[in-house]
Every structure is written in C-alpha cells, then in structure tokens.
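Data block below; observations after.
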Amino acid sequence: MSASIRPPDKTEIGGPAPFPANPGNVLKTSENSTNSMSNQTNGTMSVNGTKQNETGSETNMPTNVGETTGSMDLKPSFEEKPGHTPDKMTPNGSKSVSYPIGGISPQHDNRTNRPVRPISAKSMADVLKSDLMVCPICDKEMTAPKQFPCLHAFCEGCISSNVANLKDEDPHCQIRCPVCEIPVSNSRNNVDAKVFAESLPPSLFISSLLVQKQIKQKQCKPCNNTGKRTSADSWCSYCAETLCPEHLSYHNALTSPSIHHVFKMSQIEKNPQIAETSGKCNVHEYERIKYFCQDHKYPCCEICWKSSHEICDVESLELAASSVKNKPETTRLIGDLEIMGSHSEHILQDRRRNIDDLEHQKSEEKKAVKKMREQINEHLDKLETSMMDDLEKIHHQKTKEIEKEVQLFEHKQQSVSFYKLLLESVLKNSSDVLALTELAKIRHQCKILDENLHHRISKLKRTDFVVVSNNLAGNMGKLAEVEINQRPITPPPAFEARPKHSGILTPRSKLLHPRREKGSTFLVLRYSSSKITGGCSLKSSLLLVDNRGKEIRGYSIEGHREEKQVFSFKAEQEGNPFDVTVLPPRRSTIMVIATIPLKNRLQVLEFGDDHNTKGAYYKTNGKCYGISYMDGYIIVACHTKLEIWRMDEDYNLMFERSILTKGDHVNYVCAADNRIYYSDSADKGSVVCTTLDGTNIFAYSHHNLRMPMGLVLDQSGNVYVAAYYSNNIHLISPEGVLMKVTTPKDSHFNKPLFLIEIDGKIFVTYDKHKITSLH
C-alpha cells in the first residue's frame, strides 16, 4: 500500500466485499484476477424452511432445494431515483419547450414516440466512424449520456424509448445494447423502461467531451434546440448541457441538486476538472470512487478499499493517474485491441469463405446429381426433385447458421473497433484522472470480449457437404444422401499460442457410447424417503445421488439398476451425499468424488472391477453442495462462494482459492473450457458465468426463471438450466442470451432439480426421484 494512503479504521466503514480478502496475495497473480464488481442490480427472492427425511435425519440440503415452507418475496429490480418529478417546463416569453427531467432535452420529443430498433450489423460500421458524442440511436448530440456495461453510450431518453418500444412488442424481452446486442446482465425484464435508463451509470468520458465542446460555444443547448441563440452561463453535469439563466431556473426547480450538479461556466473555464466528478462505485452505489488498486487494476471506493483491498497496493486517483496514458499496461491494451481486431477479421473472412465454398459446392453437387440422374430411368424424376429439395434445405440451414456466426463476429469485431476509437479518444481528450477510470473500464471489457472470442472460436466448425450416392441397383428409396462434414477451423497463429485448457468437457456433459433414440421416464426409488439431488454420467450409465437414502447408485438410461455401481453412506458419521462428479480414470479404476454438506466434506470414491472402496476425504471451508471437474480442478459450490481445489497426478486434492459469488444460495455448478457456470437461487434467481480466475462473463435472469438449480452444457457450449419453481428448462447461449424455454414431454413434469448430458441428450430429474429426457 502506498505510504500516502491510510486505510480507514475498521469501525468507520463496512459493507459487502467486491473482492476476497486476498490472503497470501492469491488475487495478485493477474491484473484482471477478479471481476466481481458489477453495476447491475438484482431483484430479491428468499426461500426459508428446513427439512427432515422420513428416517429422522437431516437431508443435508440447502433449505431452498426441494420442498420448502417459506415464501418468495419478489421486489422490483430497480428503484426510482430521487428528485425526478414533472415532465415539462416552459420559459416565460418563449414558445412551449418540452424539457423532461433527467437531462432529456426537447430534441428527444420527436423520437420518443417512434419505434426504435437495435442497430443492425450493417449500420454499426457507421457508428464506429461517427463522433463519440453523437447518440447512435437518434443520431444527435447526446443529452444525459448513459453507459451500458459494454461501454456504448446513448441519451438517457433514447434508451428509455428503445426499451419501451421493445417491451411493447414483447413485455418479457431481454434488454440488450442497441449497438452490439450484448444482454445487460441481471436486468430484470419486468422493469420499467424509464427506471432502467435512469439506473444505468452516466458516461463520464462522453460528458467530459461535451463540456469541452460546449464551453467553447457558450450557448444554451435547450434554446438552440428551438432555434434560439442564447448565451449560457451554467452547465449541468448529469444532463451534459449548457443552460441560460432562464432554463437554469426551471432546471433547478424540477431536478434534484444531489443528482444534477450544476457548475458556472466561469468555474469550468478556470478549472475544467471540476466538471469531471468521479464515478460512483459499482458495488456501493452511494460511494464515490476515490482510490485505485494497482494489484487488481481497478478503481474502488473507501468501503471497497477497507473490506477488500486493505493489503493491496492502493493509491489515490490523482497519484495513480499520473502518466497513466504512457504506462506499459496502456501500451499493452492498444496492442491487445490490435490483435483482437486481427483475430476477428480472420474469423469473419473464414466464415464468408465458407459461405462462398458452400455455394460453389452446391453448384458442383447439383451437377453430380444430374449426372446420376442420367444413369437411371424416368421413374427417378420424383427422387431427383426430393434430393434437390434436401440439398437446398440443408444448404439454406447451414448457411443461415454460419451467417449467424458471421453476424456474431461482426458485432465482436465492431466492438473491438469501438474500444479502439474510445481508447484513442480517452488518451487524447481526457484528463489523467478520468483516463485512469476509463482505461480500467476499457481493459475490463476487452478482457471479457477476448474471453468471448476464444470461447466462441473453440466451438466453431468448418462446414462442407457432399452428395453421396446410394446403391442405385439395390436401394431406390432415395437418389442420394447429403452428408455434412464439419471440422474445426484453423485459428489465427496468436490463438494457437494462447494458453488454454484442453477443452475436455466436464463429466456432466462427457460424450459416451451411442444411445437409443427413444426417450425414457423412470423412477429411481430406493426408499420411501428417496430424493435424488445430484449425479453425473458414468460410462454408459447415469450415476445418481440419493440424498435421503444415503446412497450413490448407477442406472442405465432405460432405468435398470447397475448393481456394481453402488456406494452406501449408512454410518451416522458419514453423512448424506448431495452431488457427485467423475474424475479421470486411474488405470482400471473409475474415480468419482462426492459432496457431503453437513460434514463439510469431499469424499473420493473408487469403482473397481471386484469391489468399490472409499478413498481419502477433504474438509471444505463451508457446507458443500454442487461439484464439477475441469482439467485438473475441482469446483465446489458452497452457497456464498466457489471453492477451487487442484488435483495432482496422485489424485490428491489441494485447496487453492475461493471465488465469491454474487448471491448466497449457490447450489449447483458445472464447468468446461475455463468457464464456470453456477446457479444462484437468491434474489429471484440467476445464472452466472465466470472464468477460473474470477472474471464474470455474464449473469442471466428472467421472469420465468424462478429458483434455478442444476445446469449442464451441450456440445455447442450452450447452457441448460433447471428452473425449480418455474417448472421449465432454460437454454442460454454462451453470451448469456436466452435461446428458448422448454419442458419435457411429460404431463407429470414438476420441480426439475438437475440435469445430465449424454451424447447430445439431456436427462433431467424431477419430483424427488423421477428421471426423464428432453426430446
């Protein structure tokens, strides 16, 4: 810690910690080693109650899993800001001027009633070339600039209009950035459009650009919007507008001075930095950012400093901002953006070439179809037509899929260009103090964008098709078959050199032997008190955890019990198991590890050819529930945190660190490809994606996602989530976008708890001890 900064006394402040307490400098290994600060606001859901099993012992389950006696308290996701009252004011002696509060000037009146759509990928190039002070929605100079988490800024009124129009079409739509279409994490879709717009943080950098321009002009902006030329002597930092005395009088009468800070133009001319008020803390919304943590490369308020950065190298903003534009990390950020731009361009070119190749292949294969047609008689006319239809249909389907990928990477490429433009402008136009906080934001978003690029590329497949001729003499059912050949694309050199995990899927989604196509619904009842709370795939079986029955049992997908795959926890000191995951095999022995919540224990189990044995056990730092294995790491859900354990070659576990979670009811977790997904049933329920180093990628919530529980990944990296109280399954993209909400074809389906993936088929447990599959 810098000598010039004294940490506040422990009795002075307190609050939730956005970072772990950093014992042993665990989090100092990377400048972006954590990202649990978030500027999104969640709703609230609480479920209370306790549960005993029929035999009188505790079930070792969290009170919000299964039957409960509590109630849910659903509250709005956002609260109205103080000081926002009427809509209009009219200066005496002038025409009627619309001037809504919140900094929305008359220029917005003509745009609030017309539909506002997300900006298309084609027009995004124009956005990147435009002035940063111009709103991409209304194409006018911004008023009350507000910033999405992706750093794209818009007028507050435009955001409100955009969201309102989208909600008119679909009241439950997911709110996304109008430019890059990245969803706003944890933005409850039942929130009022105006409240949502007001809840977004102001864009301090855009406001600083506006004040630089308006000081030179010294004209009242509301008057200019009505064609009048009036000198301005004041400037509102919230509205980012210059005001004449008449408009200032009405402005002050209709706004809250605690939100709308007004400065005299003469003051700003003498000291421009007084208008650059420091931003609010993302974790403690009423605290201002005063310090900068050099260990985490992130700005923080006094509460954050005391609760999470006490042993870090913390400096005042002024001290940390000195020479920030010339520091090595800024140079690295410029280079990283150049590399990401090159990467995204490489992928876009590959996707476009693939579309062109498919078109050429379609033409060539049509010729092959014609040639085959010449070898047979007139009876094959109908088969030829059918074959051509199949070819067109598959070509159309695959082309559309790749076009979606093209659109996705266009958005990512344009985000890179936007961040480059934003970075250049920050380095050129902002003060050192403001540049410090803006660079931290850009660096954080670049890290998320970079992770998304690599995660998406790891899932891309090169698509080709070829028409394969059938045995015409022996089989005349079809003229030929269209086969799809997909192979991984060749990544750019920089991607190949990038350190990454092996990409082996977690055992919850491990590929096993082929299964029969027909789905099944079966009971796994062992005792009258049985309740299945966890499980995973094991060879050709489902390995299920009976929490109340105190057993781990194997079943075929048809529901037949595997007698050799049984572990019992009958001794009182052994406790009740909750979840299980498969470890890499050790010679001929199958290794699994189970969680035992009330004992705070991880229990290693071995399935041998002749007998099963219990191996070593490890004590966790809290009650442990869901568990997942990923590339040498064990990830354990412990309600308020994720514990990360490393496994060595001898299958010994060593506790490495904890990742604090957003809520305090984290029950299930799954992991793959350096990503960790966990469900949190607190605050109405959400699904959070984070990386192994603690960087939050997205947080997903939905009005029809009540008490999310088990989750699993499919082969494309999409996430299936079981919604316990909503009685449905949510399918989410790797970017956190809702793809669909579905349920199994089972009229008795109720209260789904967790899911297992085998060969592309999703199995789900429900109603305490039933298993079915999604069709």
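Any Cβ shown, glycine's included, is placed from N, Cα and C.
As annotated by TrEMBL, coiled coil applies to 348-386. If one looks beyond the coiled coil (348-386) by at least 6 residues along the same chain, the residues whose Cβ comes under 8 Å of a Cβ in the stretch are 395, 398-399, 402-403, 405-406, 409-410, 413, 462-467, 469, 472, 476, 478-480, 482, 489-490.
The compositional bias 'Polar residues' feature in TrEMBL is assigned to 27-71.
Per TrEMBL, compositional bias 'Basic and acidic residues' is recorded for 76-87.
Residues or ranges marked as domain 'RING-type' in TrEMBL: 135-181.
Annotation source TrEMBL lists domain 'B box-type' at 276-310.
Per TrEMBL, the feature region 'Disordered' maps to 1-97.
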Local confidence of the domain 'RING-type' (135-181) - pLDDT mean:
88
Quick one: DSSP breakdown of the domain 'RING-type' (135-181) into helix, strand and coil?
14 helix, 8 strand, 25 coil
